[in-house]
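Student: TrEMBL feature annotations, pasted as is:
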DOMAIN    39-149  domain 'TRNA-binding'
DOMAIN    403-479  domain 'B5'
BINDING   D457, D463, E466, E467  Mg(2+) binding site
DOMAIN    705-798  domain 'FDX-ACB'
Amino acid sequence: MKFTLKWLKQFLATNANLTDITQALTNLGLEVESIIDRSVELKDFIIAEIIDVKPHPNATKLQICEVNSGKKILQIVCGASNARTGLKVVLAIPGTKIPNGDFIIKTTNIRGITSQGMLCSEKELLISNSNNNCIIELPNTAIVGNSFAEDFGYDDSVIQINVTPNRGDCLGVYGIARELQAKGLGKLVENSFHKIHNTHFQSNIKLHVSAKDACPLFIATEVQNINTACSSPLWLQHFLHNIGLKSISPTIDVTNYVCYSFGYPIHAYDKDKLLNNEIEIRTAYANENITALNNQTYKLTPKDLVVSCGSKIIALAGIIGGLNSSCNSKTNNIILETGYFVPNKIITTGRRLNIESDARHRFERHVDYSIASKVHTIALNLITSICGGEISETIVFDNISITPAKILEFPINEFEKKTGIKLETSTIINILVNLGFTICNATSSTLKIKIPSWRSDIAIKEDIVEELLRVSGYDLLPEIPIKSNQQSCIVLPNKQQKISTLKKVTATCGYNEVVTWSFISSKIVKYFSTYNEKLKILNPISQELDYMRPTIIPNLLESIAKNQARSIKNQAFFEVGPVFSEKKIGQEQCVLAAVKCGNKELIHPHNQILEWDIFDIKADLENILFELGINIENCKIITNATRQYYHPGRFGSIMLSNTCIGCFGEIHPEILANVNINNRVMALELNIDSLQIKKSQPKKQIILSNYPHIERDFAFIVDKFIPALEIAASIKEVNKNLIKKVEVFDVYSGEKIDNNKKSLAFRVTIQSNEQTLTELIIKEISSNIISTIEKAFDAILRDH
């Protein structure tokens with residue numbers, strides 16, 4: 001919310017300076033985000049007059065202007081198309097700092113001609129964003145030599161505050177002034193809400209409100225014969241310019257001024273553009289469209305509230321007007337609208353269509369419907385006082401007056417009970433009255449308080465405590481130390497402990513954590529899953545983030561692609577976050593996903609540099625499971641099923657007790673090509689919700705054997721789909737005490753091996769902690785290994 005200090009003082013009689021006001025606003029909970037002191041920025045700019053113009057001898061688009069600054073005649077080179085003799089202008093003399101660009105004017109040589117200053121445009125002074133290559137044209141009544149800021153109202157300060165969603169009443173300068181009055185910084189100036197006595201004609205407008213629940217109040221007045229030659233007064237133009245709004249016409253300027261003054265949006269229609277005199281407030285029909293003032297066309301649904309005239313929709317009620325009924329500087333006859341539209345309707349339509357407007361911003365936060373008639377009258381008075389016109393009788397649909405005012409009983413000692421601060425009853429009453437509350441009844445113990453219509457956020461007695469505290473000052477809260485010497489320890493929930501452990505373990509494996517959006521682009525969903533319309537986001541923060549992700553892998557691949565574009569080849573990332581089921585809508589799972597690509601080692605001259613492969617990502621997954629207390633020997637790897645974004649021949653799923661807890665593999669080359677990644681990428685995924693992490697056990701001492709170990713190699717021909725891990729586990733089971741280690745050192749398929757078979761070679765380390773093993777014992781163990789594997793896997797011992 002932006003406003004100026006002079007604007008505020010229209011509604012607050014105060015001698016407080018800018019610092020006091022901004023400090024009070026922050027203390028009241030209206031955080032000041034920025035302050036621009038225009039009087040300081042524009043203090044050196046003066047009013048001048050061009051007394052002669054000559055063409056520049058060395059540049060066709062430049063002119064040499066003789067300018068009277070009030071003290072002396074200056075020669076200035078100017079490129080503006082509207083520079084001419086007799087024009088009153090804004091002059092920056094040498095030493096003046098230009099707000100837009102932050103540079104200081106100096107006497108310079110431009111194409112061989114000395115220039116002793118600059119004639120300024122609105123954009124250079126940050127008055128508007130106009131790019132029309134024109135300098136500011138001042139009226140002939142401007143006094144040469146005077147301060148431009150002082151004479152034209154730019155010696156003002158612009159204040160921007162952050163208004164929380166529950167304080168829609170502070171989206172108007174009048175509401176802010178009321179807050180400052182309660183803080184003791186002045187007295188609220190009640191605007192003279194004059195009633196219109198002289199109506200000139202009876203309007204032939206026929207008003208019908210069919211959506212009475214969504215629009216319980218609607219006021220319409222017709223104004224004819226507006227003088228289109230009139231311009232808005234300078235004070236009005238300055239107020240709007242200072243908060244970033246462009247002056248368009250008196251009618252539009254007044255509606256903007258009233259909106260920002262009272263926090264109540266009003267709208268004007270060009271009556272001559274309407275089909276007829278019948279105006280209806282209704283819900284839209286299916287597939288109706290509106291082209292709005294922002295030149296965007298929106299497809300509507302029966303959930304949207306509209307204002308229509310005949311077959312034409314002329315406004316999205318409470319959000320934005322239609323282009324087909326818009327006013328401009330040539331509008332001669334208008335219909336002025338002031339309505340009240342329920343917040344839920346505005347929120348639903350505004351979010352679905354993604355329309356941001358001043359009207360929507362206010363209506364969805366609740367406006368003060370009790371002043372609708374007053375602001376309507378103020379707008380009519382301002383319009384007719386600026387540019388004339390004849391006012392019709394006002395047409396009113398009012399179904400809101402039956403709403404009873406909220407009454408709240410407030411125990412006087414409640415404030416002290418909640419805050420520890422003692423406030424006198426008179427102080428409590430004074431604060432509440434200045435905030436607009438009405439004290440219906442007061443006893444020695446209780447106040448009966450009538451809640452003002454603009455404070456829809458006040459519902460319980462604790463809300464009253466908050467109002468009293470923020471006005472009296474949070475600095476009054478007593479400092480009370482906690483009377484405890486015990487240090488509390490917060491125990492994380494089980495799921496958070498699992499996530500914390502997983503992050504630490506994955507980081508120790510060499511991965512860097514990233515945090516990405518939980519959304520992806522619907523354009524790439526087909527590469528990773530089956531598209532489901534129900535996971536499409538209706539109002540995404542970006543068109544590239546419009547789908548709930550079914551896997552984290554595309555987010556991680558995007559991170560790799562961005563870094564690869566910056567010539568970073570070796571990368572390893574992981575993320576823990578939610579993924580969303582496309583089969584069970586509404587189901588969410590917490591998943592760990594990790595990717596890596598590039599070389600295993602830094603480039604050096606001694607050995608061949610190898611890329612990461614599927615065995616490396618499998619080893620990382622085994623390390624993570626081991627650190628989580630999960631024995632990899634109890635897991636089963638299935639390779640005959642895959643996911644569409646993995647390489648079909650380089651993929652494995654991890655099963656634990658018949659439950660799939662994760663997977664690993666190489667990302668499909670076609671997927672990588674579609675996301676602009678040149679290197680092979682390995683990935684792993686773990687379903688955190690399915691993991692049961694065991695509590696860490698004390699480390700056991702390992703006693704090293706004093707006796708030699710023996711190694712024996714075995715090669716078996718088995719079915720090609722049998723995992724080597726299962727065979728290795730079976731070998732270990734033959735003699736857990738003596739068989740210390742089982743390793744796979746060779747996998748072969750080809751000549752002399754059937755197509756559906758493969759050869760797996762294992763190196764078995766045998767060792768005793770009690771004696772040197774004899775050849776007889778070793779032969780017995782070897783024989784048992786062979787018979788066990790042949791029987792369990794229908795294997796054949798391969799001849800060497």
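Any Cβ shown, glycine's included, is placed from N, Cα and C.
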Student: Same chain only, sequence gap of 6 or more: which residues have a CB within under 8 Å of the CB of D463 (Mg(2+) binding site)?
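Tutor: Expected: D457.
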Student: With DSSP, how much of the domain 'B5' (403-479) is helix, how much strand and how much coil, in residues?
Tutor: 31 helix, 15 strand, 31 coil
Student: Please determine which of the binding-site residues listed here (E466, E467) has the lowest count of neighbouring CB atoms within 10 Å.
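Tutor: Comparing Cβ neighbours within 10 Å for the binding-site residues E466, E467, E466 has the fewest.
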Student: With every protein chain in view, how many other Cβ atoms are within 10 Å of the Cβ of D457 (Mg(2+) binding site)?
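Tutor: Other Cβ atoms found within 10 Å: 17.
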Student: Please give the average pLDDT for the domain 'FDX-ACB' (705-798) in this predicted model.
Tutor: 91
Student: What does the DSSP secondary structure composition of the domain 'TRNA-binding' (39-149) look like, as residue counts for helix, strand and coil?
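Tutor: Helix/strand/coil tally for the domain 'TRNA-binding' (39-149): 5 helix, 41 strand, 65 coil.
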Student: As a quick check of your reading of DSSP, tell me how many residues in the domain 'FDX-ACB' (705-798) are helical, how many are strand and how many are coil.
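Tutor: Each residue of the domain 'FDX-ACB' (705-798) counted once, the result is 30 helix, 32 strand, 32 coil.
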Student: List, in sequence order, the residues of the same chain other than D457, D463, E466, E467 whose Cβ lies within 8 Å of the centroid of the Cβ atoms of the recorded Mg(2+) site.
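Tutor: Nearby residues not in the site list: R455, I458, E462, I464, V465.
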